[in-house]
Amino acid sequence: MDVTHDMNGQKKWMQLPRNVVIGNGVINEVRDVCTDLKLIDNALVVTGKSTKGIAGEIVQDSLQDAGQNVELVISESASMKEVERIRKHAIESGTKYFLGVGSGKTIDVAKLAATDLEVPFISVPTAASHDGIVSSRASIKDGKTTTSVQANAPMAVIADTEIIANAPYRLLAAGCGDIISNCTAVLDWQLASRLQNVQFSEYAAALASMTAQILIDSADSIKPELESSVRMVVKALVSSGVAMSIAGSSRPASGSEHMFSHALDRVADEPALHGEQCGVGTILMMYLHGGDWKKISDALKLIGAPTTAKELGIEDKYILEALVLSHTIRPERYTILGTGLTPDAAEIVARKTKVIS
């Protein structure tokens, strides 16, 4: 952890990863990273069913070859019940540190369990679907409700571009949507700072905005199965995570567009991916801000991410329900949604932006 000072000169903790390793084949460097961090025994690898063979067992074998005691456990859902199950397993096995190996959900479960036990955590993503792979936040579901929970940032991030490039491209495109959503998140944060004197960090906001803009400007170069695309997106996700750590909150990367996504999770029969929904939410919220929503839509189209309800696989009526509900998701967080949209206003926004037809 690093110590910094806020605008009033008060101390606050800033958590940042010590090591970030990105590249082809870097999963084979996991034991070197652990050795560098003085993590030398009693590791718990938390992975998923599908990612166990892709990366989980590679990490386990690598650490065991280095003489470490390593256990591997399969995480089946991103719920508090699952976090508690993993936590109990870790206590019983004397775990000294965690490695979350897999998707964002698996990483969030490992991150929270490690935070609860106050032990180090290393993030080893097999997909780049959202900024949870590096942030100090975790998204946990309770039924149809998704909650963003404060956690410790990973001590290290090991992102193997070859593995991530082989994941379904839809996941990478979703990660782009999550990054581009910084555009409206920062606008919401600025608005809250002006109207409600919410603490605002110019550094965090600038980093989050720049990260999103670089991705928008490079949208036509992000393609399936290209490691160069993966490197760009992973670096952007890392930057977003760092922006949140600097801010001490998720404000630089989570605003009204994320509230819309969480509202969709509640009302839709089959929600889309988090980053996909945030991307569409960014189009809608940029319209409300009076910004260039078409630029957002065009960038998402170039990347191959959804820009309409149909492309999300969600009925128009759920888009409208989510828009009306969005302001209630985090009522303490002021955004462009204010006290909420009327059903008529929601329909105008959705039709003007062509999110619904």
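Cβ from N, Cα, C; glycine included.
According to Swiss-Prot, the NAD(+) binding site annotation covers Gly104, Lys105, Thr106, Ile107, Asp108, Thr126, Ala127, Ala128, Ser129, Ser135, on the basis of sequence analysis. According to Swiss-Prot, the substrate binding site annotation covers Asp131, Asp178, His262. Residues annotated as Zn(2+) binding site in Swiss-Prot: Asp178, His258, His274.
Positions of the features from Swiss-Prot, shown on the structure.
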residue: Gly104; record: NAD(+) binding site; contacts (Cβ under 8 Å, 6+ apart): Pro125, Ala127, Ser129, His130, Gly132, Ile133, Ser139, His274
residue: Thr106; record: NAD(+) binding site; contacts (Cβ under 8 Å, 6+ apart): Val46, Thr47, Gly48, Thr51, Ser75, Ala78, Gly100
residue: Asp108; record: NAD(+) binding site; contacts (Cβ under 8 Å, 6+ apart): Ala78, Gly100, Gly132, Ala138, Ser139, Ile140, Ala151
residue: Asp131; record: substrate binding site; contacts (Cβ under 8 Å, 6+ apart): Gly175, Asp178, Ile179, Leu237, Ser240, Gly241, Met244, Ala253
residue: His258; record: Zn(2+) binding site; contacts (Cβ under 8 Å, 6+ apart): Ser148, Ser181, Ala185, Ser250, Cys278, Gly281
residue: His262; record: substrate binding site; contacts (Cβ under 8 Å, 6+ apart): Thr145, Thr146, Ser326, Ile329
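Overall, the recorded NAD(+)-binding residues Gly104, Lys105, Thr106, Ile107, Asp108, Thr126, Ala127, Ala128, Ser129, Ser135 cover a maximum inter-Cα distance of 16 Å. Cβ neighbours within 10 Å of Ser129 (NAD(+) binding site), excluding its own Cβ and spanning all shown chains: 29.
Compute the center of the Cβ atoms of Asp178, His258, His274, which mark the site for Zn(2+); besides them, the chain residues with Cβ within 8 Å of that center are His130, Asp131, Gly177, Ser181, Ser254, Glu257, Ser261, Gly275, Gln277, Cys278.
For Ala127 (NAD(+) binding site), the number of other Cβ atoms no farther than 10 Å from its own Cβ, over all displayed protein chains, is 25. Its own atom aside, the Cβ of Asp178 (substrate binding site) has 33 Cβ atoms within 10 angstroms in the protein chains shown. Other residues of the same chain near the substrate site, with their Cβ within 8 Å of the Cβ centroid of Asp131, Asp178, His262, are His130, Gly132, Ser139, Ser181, Ala253, Ser254, His258, Ser261, His274, Gly275, Cys278. Our reading of the substrate binding annotation (Asp131, Asp178, His262) yields a largest Cα to Cα distance of 16 angstrom. In the shown protein chains, 26 other C-beta atoms lie within 10 A of the C-beta of His274 (Zn(2+) binding site).
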